[in-house]
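Everything below concerns the one structure shown next.
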Amino acid sequence: MPIRRMLGSLKPTTSKHGVPKLFHEPHVETGFRHLHQPWSYYFFSLFQVHNECMNTWTHLVALWAILYRTYSFHQEFDLIGDPYMWPLCAGLITMIILYICSSFAHCFSNKSELIHYTCFMIDYAGIGLYGVGSTLLHYAYCLHDNMVNSWAHRYSGLIGVCLGLLVTICCSISKTRYSRPYPYSRRVWQLSSTLGIYIWLIYPIAYRVSLYLFNHQWDSGLGHHIHQMFWFFLGGFFFGSDIPQRFCPGKCDFLGHSHQLFHICILMTSYKQLDAVYEDIKMYSSLIRGIPVPTFMSTFGAVLITIVLNTVTVVIFRSVATRKIKDSPKD
């Protein structure tokens, strides 16, 4: 069969000594794919054992899960015809785009130095966009009635778009400004910008948690929200700690790497987030219908504006990466 022949013709992976330092990862010793191969090589490497294989598959599984949840929501709600469901539809779109961008980045990033930079800038753009989508979801469906028409409610979308763009900019700076081995300050660029938009999008949930802590006001969606917060911070731990591979270099190159665990945590964050939003839509139905009708610009428009701004950001930093590659000494 042609596919079987293609898989059989894939070059065996190499150690970290066979690729430039740009492609090295802390505590990863083996399983590196070769550079400058045809695009088909990287696509079919999905079925080869290498150190990005499970990173890609964890995102592909997440993509399938979110597509399934989107279909489930479509079966119950009118995502297009009912303007009150537009924030839900827009949020789902950002999740789908996130996992497409991240899958693409991990699958094709080894093709060349410039493709590597570009792929992960696209990945960062997807993360920023997902932050905007989560902002739309939480401020549309998860607000306690005390927050309705507050300043945070009124400016949630605008601030969300600005912070989502900031994620893309800061993470792109972290990628192009520093060279391997990366200093910890690079993580500060990444984590601080991501934490910034997370604080904003989780604010309505944190307010409800505070009501429970001080006034014992519990509701059916709050448990799911607490779960999504748990998974998010657990994912941040794995992202920033390099655990477990820092204790056993080379042993987690294919399976068990902290970045794979981070991906699983983000999948669970998304999944529990949608569980919580579903419960909140049911519980706050009358409140949701009582606020001004969502507009195209406040929902799909916010997503489109973020996509355009993030695309411009990727193009700008791609040119920065091109100059960096040109000026860098060859390994």
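Cβ atoms here come from the backbone N, Cα and C positions, even for glycine.
Annotation source TrEMBL lists Zn(2+) binding site at HIS106, HIS259, HIS263. A sphere of 10 angstroms centred on the C-beta of HIS259 (Zn(2+) binding site) encloses 19 other C-beta atoms.
Feature annotation from TrEMBL assigns transmembrane segment to 84-108 (among others). Within its own chain, the transmembrane segment (84-108) is flanked in space by residues 39, 42-43, 45-46, 52, 55-56, 59-60, 62-63, 66-67, 69-70, 73, 77-78, 115, 119-120, 122-123, 125-127, 129-130, 132-134, 136-137, 139-141, 263, 270, 277, 281, 288-289, 293-294, 296, 299-300, 302-303, 307, which lie at least six positions past its ends and keep a Cβ under 8 Å from the stretch.
The transmembrane segment annotation in TrEMBL covers 120-141 (among others).
Under the heading transmembrane segment, TrEMBL lists 153-174 (among others).
As annotated by TrEMBL, transmembrane segment applies to 195-214 (among others). Non-local neighbours of the transmembrane segment (195-214) in the same chain are 128, 131-132, 134-135, 138-139, 142-144, 146-147, 152, 156, 159-160, 163-164, 166-167, 222, 225-226, 229, 232, 276; each lies 6+ residues outside the stretch with a CB under 8 Å from one of its CB atoms.
Per TrEMBL, transmembrane segment is recorded for 291-317 (among others).
Note: HIS106 (Zn(2+) binding site) has non-local neighbours GLU52, ASN55, THR56, HIS59, CYS119, i.e. same-chain residues 6+ apart with C-beta under 8 A of its own C-beta. Within 10 Å of the C-beta of HIS263 (Zn(2+) binding site) there are 25 other C-beta atoms, taking all protein chains into account. Cβ atoms within 8 Å of the centroid of the Cβ atoms of HIS106, HIS259, HIS263 (the Zn(2+) site) belong to the same-chain residues GLU52, MET54, ASN55, THR56, THR58, HIS59, SER102, HIS257, GLN260, PHE262, site residues excluded.
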